[in-house]
Amino acid sequence: MRKHDEAAAAAATTAQMKATAQVPQALVLEHVSPATRLLEKRRQMFEVQEALDAQKEEFARREEAFHRREEGLRKKDLELQESLIKFNKFLQENESKRNRADKRTQEETKQRKSKEGDIRKLEKQLDAMRKERAELDKVVDRNIKYQRYLETVQETMPEDYPEVGDLLNRYQTLKDANGDLKERLQTYEDSNEVKRAEYVHYTKEQTNEILNFNNEIASMQKQLEQSESEAMRMQNEVDGQIRSISDRTLEIGQALMVVENLLQRCTSKPHGNFLKHFQASEEHQQSQQSSQQQSQQSPSESSDLMRDGESKEDSLHEGSSASRTRGRGPDELTRKGLAAMSQLDVIAAYIVDFESIVAEAPSHVN
């Protein structure tokens with residue numbers, strides 16, 4: 001096929017060279033008329049046209065030949081492809097057959113090995129069963145005497161055990177009952193152990209709880225003693241404060257009595273009618289008391305202490321001084337204190353007037 005292509009290429013090259021050779025050569029006309037030149041040009045054109053037509057025909061023939069050759073090559077290619085497909089199919093079929101044969105061979109080999117393994121297992125089982133039969137024959141030889149003994153017992157007491165099986169059933173019943181009793185005994189022993197452990201645990205917990213309660217009782221007893229000691233100490237402190245407040249209340253009462261006595265001495269004489277300090281002091285005292293009543297909403301802590309002091313004073317002091325201060329509240333003491341302050345101002349005014357009178361007295365005498 002390659003040689004045929006080379007021959008066709010060589011023929012085409014030769015035809016092309018011939019067509020080129022048939023093209024007319026242009027003549028050299030230098031000394032002719034224009035009409036001659038025109039005719040010569042026309043002649044050359046015709047010749048060139050004929051040469052071109054000849055080349056076209058040659059090319060058409062060659063193209064047709066190429067088409068025929070291409071068609072032949074296509075047919076040959078198709079034939080080659082078909083033969084290649086058939087050959088590939090043949091190869092695939094042979095490969096598939098070979099694979100199936102190999103697979104069958106492997107399966108048969110595997111089955112053969114499996115069968116050989118089964119044969120070996122069965123042979124081992126047969127040997128084991130033969131050994132087991134030999135052992136069972138030995139057991140039968142050893143136990144045949146028991147069979148004879150049971151038959152003898154059955155023959156001795158046929159009314160109780162008509163058959164040897166009845167004797168065996170009786171033995172099995174007694175054996176089951178014995179096993180049941182053993183299981184119940186074990187269950188009761190286990191339950192007893194559990195109960196004993198629970199009792200020991202409960203006893204230990206109760207003992208620990210009693211010890212904890214005793215410790216708490218001792219701790220609370222100690223706290224009670226400490227609380228009683230603290231209460232006694234605080235009671236002593238309160239009693240001391242009450243005595244102190246009572247003493248202070250007594251001193252305040254004595255001071256108020258002294259102020260009242262001084263004021264009475266200043267106002268009871270005839271000169272008290274001329275000196276009007278007492279009326280002014282009473283008006284000033286009333287204004288202070290009204291303002292104080294508006295500003296005070298609740299008793300203060302000192303008033304509470306004074307009230308406690310007055311209540312305790314009744315039990316501590318029995319006399320005229322105690323009777324004077326009995327029934328005095330904090331407001332009363334405050335009011336009397338303010339009144340005593342005003343009275344002291346009045347007394348001071350009287351003293352100033354008395355000093356002025358005494359200072360002026362010698363000048364009048366002279």
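Here the Cβ of each residue, glycine as well, is placed from N, Cα and C on the backbone.
All annotation found in TrEMBL is predicted automatically rather than curated by experts.
Here TrEMBL gives region 'Disordered' for one range in the set 1-21, 337-357: that range is 1-21. In terms of DSSP helix, strand and coil, the region 'Disordered' (95-118) has 24 helix, 0 strand, 0 coil.
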